[in-house]
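Asker: Mind looking over this structure? Questions follow.
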Amino acid sequence: MKTLWKHCHIASMAHGKYSIIEDAAIVTSGALIEWIGPQAELAEPEHDNCIDLGGAWVTPGLIDCHTHTVFGGNRSGEFEQRLQGVSYAEIAAAGGGIASTVRATRAASEDELYASAERRLRHLLKDGVTTVEMKSGYGLDLENERKILRVIRRLGNTQPVTVRATCLAAHALPPEYADRADDFINHICNEMLPALAAEGLVDAVDAFCEYLAFSPEQVERVFITAGQLALPVKLHAEQLSSLGGSSLAARYNALSADHLEFMTEDDAIAMAAAGTVAVLLPGAFYFLRETQLPPMDALRKHGVPIAISTDLNPGTSPGLSLRLMLNMACTLFRMTPEEALAGVTFNAAKALGMSATHGSLEVGKVADFVAWNIERPADLGYWLGGDLDKRIVRHGVESSI
């Protein structure tokens, strides 16, 4: 079915810029964009349906390219403890921190995990998100990593959103592998990843390269295994220290390296050469009250694509609004509204290996877009919270969230 969407202004985000088209129209054919441009240039169209967007600003559907949406339990109690003066070390010694999320996730059924994740996902969808990445990493054994990834696939099959599943088994050491990191990496490479990939549950492989997680040498073994399984890689890197993880990611042509507060200019040069996207996570920066800013000047100087994401997770970024992250990126990292919007559209699609089909409004791409009742595109990163008036279109069909 062909639909004409008329009477709008468009920030198409082609090439990562606003690429504004005033007084515009879009023609969709099924799930794809067939024509886009100034309405005055549109020949008398043949269409089955005509929708007047009432002068709205249209952007690509937002893409949340780094989330940990599926988990059991809730760590708001720890949040309260920390603000009462209890240290993270004390919380961890008492069984809190990531260990508590692993226990809760292992104890939860697949249906329970689905129900809680679906509630969180709904908040993102109401914010204009049409594509989301979700990671495993709170199971840390084959049975429970499989359970999380099955929930992720189920969410993608039942909710009005495109979902990419990332296996983050190399997230932390499970209790049964305490002080045996190399053995756990062997287990991931020899058993977990091959089994999960064979079941079709994995779109990409991630790891956490940090002094409190896994070394670059251990991460490299995970990357080698991912390559043997023909799976692209991503990496949590340089969040708390500089270990060269982002350069390692670049050597393996990673889709993205994420966090990056402690990355160096040499890391930026390597990422630019590899086309690896820098995914910045202002929610975690804010929630942890970090002070080391990502090296924005180096990223810009060397042309590293920059994406923004919620990092939705129970411990360090319980963020349910991607639009709020736009404001945080502008305010905390001094990104421009145009850069920030590119970070949740054009560059976010790159970070998921989806730039051929998603991330900008161009002929032949998937017709995922949002018609916002705003005065200008910068409004998306300006307003703090709230539910902006909008119409969400996914695969050429208006979606009711």
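The backbone N, Cα and C atoms fix where each Cβ goes, glycine too.
Just lifted these from Swiss-Prot, have a look:
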type	residues	note
BINDING	His66, His68, His236, Asp311	Zn(2+) binding site
BINDING	His66, His68, His236, Asp311	Fe(3+) binding site
BINDING	Arg75, Tyr138, His171, Gln239, Thr316	4-imidazolone-5-propanoate binding site
BINDING	Tyr138, Asn313, Gly315	N-formimidoyl-L-glutamate binding site
Asker: Which whole-number value in Å describes the distance between the Cα atoms of His171 (4-imidazolone-5-propanoate binding site) and His236 (Zn(2+) binding site)?
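Answerer: Here the two Cα atoms lie 9 Å apart.
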Asker: Over all pairs in Arg75, Tyr138, His171, Gln239, Thr316, the listed 4-imidazolone-5-propanoate binding residues, work out the largest Cα-Cα distance in Å.
Answerer: 21
Asker: Around His171 (4-imidazolone-5-propanoate binding site), how many other C-beta atoms are within 10 angstroms of its C-beta?
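Answerer: Counting Cβ neighbours of His171 (4-imidazolone-5-propanoate binding site) within 10 Å gives 23.
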Asker: Pop the Cα-Cα gap between His66 (Zn(2+) binding site) and Arg75 (4-imidazolone-5-propanoate binding site) into the table, whole Å please.
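Answerer: With the alpha carbons as reference points, the distance is 20 Å.
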Asker: Tell me, in order along the sequence, which binding-site residues from Tyr138, Gln239, Asn313 have their CA within 10 Å of His68 (Zn(2+) binding site).
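Answerer: Candidates kept after distance check: Tyr138, Asn313.
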Asker: Indicate the candidate from His68, Arg75 with the smallest number of other Cβ atoms within 10 Å of its Cβ, considering only these binding-site residues.
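Answerer: Taking His68, Arg75 as the binding-site residues, the minimal 10 Å Cβ count falls on Arg75.
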Asker: Check each residue in the chain of Thr316 (4-imidazolone-5-propanoate binding site) that is at least six apart in sequence and keep those whose C-beta is under 8 Å from its C-beta; list them in sequence order.
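Answerer: In sequence order, the residues whose Cβ lies under 8 Å from that of Thr316 (4-imidazolone-5-propanoate binding site) (at least 6 apart) are Ala284, Phe287, Leu288.
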Asker: Between all pairs in Tyr138, Asn313, Gly315 (listed as N-formimidoyl-L-glutamate binders), what's the biggest Cα distance, rounded to the nearest Å?
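Answerer: Largest pairwise Cα separation, rounded: 11 Å.
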Asker: Taking Cα atoms as reference points, rank the binding-site residues Tyr138, Asn313, Gly315 by distance from His66 (Zn(2+) binding site) and give the first.
Answerer: Asn313
Asker: Cα of Gln239 (4-imidazolone-5-propanoate binding site) to Cα of Asp311 (Zn(2+) binding site): how many Å, rounded?
Answerer: 13
